[in-house]
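Undergrad: If you scroll down you'll find the structure; I have some questions about it.
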Amino acid sequence: MIKLPIYMDHQSTTPLDSRVLSAMKPYLEGMFGNASSRHHRFGVEAREAVETAREQTRKYIGARHAKEVVWTSGATESNNLAIQGVSHLYRKRGNHIITSVIEHKSVLDTCSFLEGEGFRITYLPVTQEGIIRLQDLEQAITDQTILISIMHANNEIGTIQPVAEIGEVAKKRNIFFHCDASQSAGKIPIDVQTMGIDLLSISAHKMYGPKGAGALYVRSENPRVRLQPLIFGGGQEEAWRSGTLNVPGIAGFAKAFEIAVAEMADESERLLRLRTQLFEWFRKYIPEVHCNGSLQYRLPGNLNVSFAYVEGEALLELINQTIAVSSGSACSQTTLEPSYVLKALGVQGDLAHTSIRFGLGRFNTAEEVMFTAHYVAEAVAKLRESSALYKETQKKLTSSTTV
Ligand SMILES: *Cc1c(COP(=O)(O)O)cnc(C)c1O
């Protein structure tokens with residue numbers, strides 16, 4: 001039996017894994033101490049939880065030192081702290097930042113804020129496949145460049161950037177490399193050493209952890225990165241991020257990461273199988289369906305497809321009581337502009353309006369995928385039936401083949 005509605009929007013957020021909830025519970029109940037209270041048991045046990053979580057997180061990203069992990073409220077804050085923090089501390093060294101046109105808004109809007117302060121930003125384009133070109137990156141570098149900020153995996157189309165190669169370029173030119181790993185942490189391998197990453201953003205709620213918990217890795221040697229804080233106060237987190245630590249959130253973050261890393265190989269294989277099946281069914285039952293972005297360099301759980309002649313919003317309206325998915329970017333759903341990510345791929349206006357993101361996750365089943373394929377195929381057929389443009393095109397097609 002399938003329980004409706006089916007949740008298939010795991011790039012927006014993920015449900016809390018019950019094992020994560022169990023790991024958080026003690027810190028929501030009896031162990032409520034402030035991790036900065038060093039002189040009694042309550043504070044000490046809270047501190048222990050925080051430092052254990054820091055050590056685990058260090059290990060999962062291949063960092064050398066636990067103190068390089070700074071706790072934040074999520075990836076939005078981590079991205080802001082990394083980009084503003086580096087820019088403000090190193091502005092004497094240069095005023096140029098390189099990023100890409102398909103970054104998350106928390107990177108793009110931080111960069112445009114810095115533009116207002118006199119920084120110059122280069123927004124690298126992407127190929128039709130949704131990947132940056134390394135030669136574009138190399139050509140964009142000047143002697144003023146202080147930071148490269150490129151995401152690991154994209155939240156809309158799931159495409160994966162050549163992070164290790166970017167890290168190599170950054171290292172060669174003595175430029176800091178920040179990577180937004182919100183979508184990739186716990187899904188595909190990350191190693192800040194072999195990938196040459198100097199700053200790395202992670203969010204718990206994208207990997208079956210709680211909302212409001214995140215981390216920023218900040219390299220402390222080869223090279224040492226320093227930051228101008230965004231938030232001032234009690235001096236927690238080496239004074240880089242003041243504020244009483246979210247102990248249950250941090251415990252949940254580490255447990256979520258632990259599970260995701262332990263189950264990564266099996267889970268990504270299973271999700272890839274489900275995604276491949278979903279796309280194969282779409283192609284079998286629905287004419288003119290296109291996948292947006294590379295299928296090869298892509299998160300296993302992501303499928304972003306355009307159903308030609310079908311308005312994405314209309315399709316969503318028809319199916320969203322039954323299947324929870326997103327059209328365009330979840331964050332820009334108040335505007336009816338086609339998503340900037342799809343535009344960057346060169347997806348033409350009409351087709352960009354027809355896209356739906358299917359984000360498969362840990363608790364989706366093969367039955368749910370089969371149900372979704374049929375349900376969506378029916379909805380698409382129904383909408384195309386009432387599309388004058390679609391009928392016109394079909395008529396032309398049939399007449400041209402009979403001639
Ligand atoms: C979700 C997401 C963010 C923001 O993370 P929050 O923890 O929700 O603030 C940033 N970047 C990417 C790529 C994301 O997917």
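Including glycine, each Cβ sits where the backbone N, Cα and C put it.
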Undergrad: Of the candidates Asn95, Asn155, Asn222, which does TrEMBL annotate as part of the pyridoxal 5'-phosphate site that also includes Ala75, Thr76, Gln183, Ser203, Ala204, His205, Thr244?
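TA: Record check against TrEMBL: pyridoxal 5'-phosphate site with Ala75, Thr76, Gln183, Ser203, Ala204, His205, Thr244, extra candidate from Asn95, Asn155, Asn222 is Asn155.
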Undergrad: Where ligand 1 binds, which of the binding-site residues Thr76, Ala204, Thr244 are close by, with Cβ under 6 Å?
TA: Thr76
Undergrad: If you count other CB atoms within 10 A of each CB, which of Gln183, Thr244 wins among these binding-site residues?
TA: Gln183
Undergrad: State the count of C-beta atoms found within 10 angstroms of the C-beta of Ser203 (pyridoxal 5'-phosphate binding site), not counting that atom itself.
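TA: So the Cβ neighbour count for Ser203 (pyridoxal 5'-phosphate binding site) comes to 28.
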Undergrad: Helix, strand or coil at Ser203 (pyridoxal 5'-phosphate binding site), per DSSP?
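TA: Reduced to three states, the DSSP call for Ser203 (pyridoxal 5'-phosphate binding site) is strand.
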Undergrad: Which whole number of Å gives the largest C-alpha distance between any two of Ala75, Thr76, Asn155, Gln183, Ser203, Ala204, His205, Thr244, the residues noted as binding pyridoxal 5'-phosphate?
TA: 30
Undergrad: Return the count of C-beta atoms lying within 10 angstroms of the C-beta of Ala75 (pyridoxal 5'-phosphate binding site), excluding that atom itself.
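TA: Result for Ala75 (pyridoxal 5'-phosphate binding site): 28 other Cβ atoms within 10 Å.
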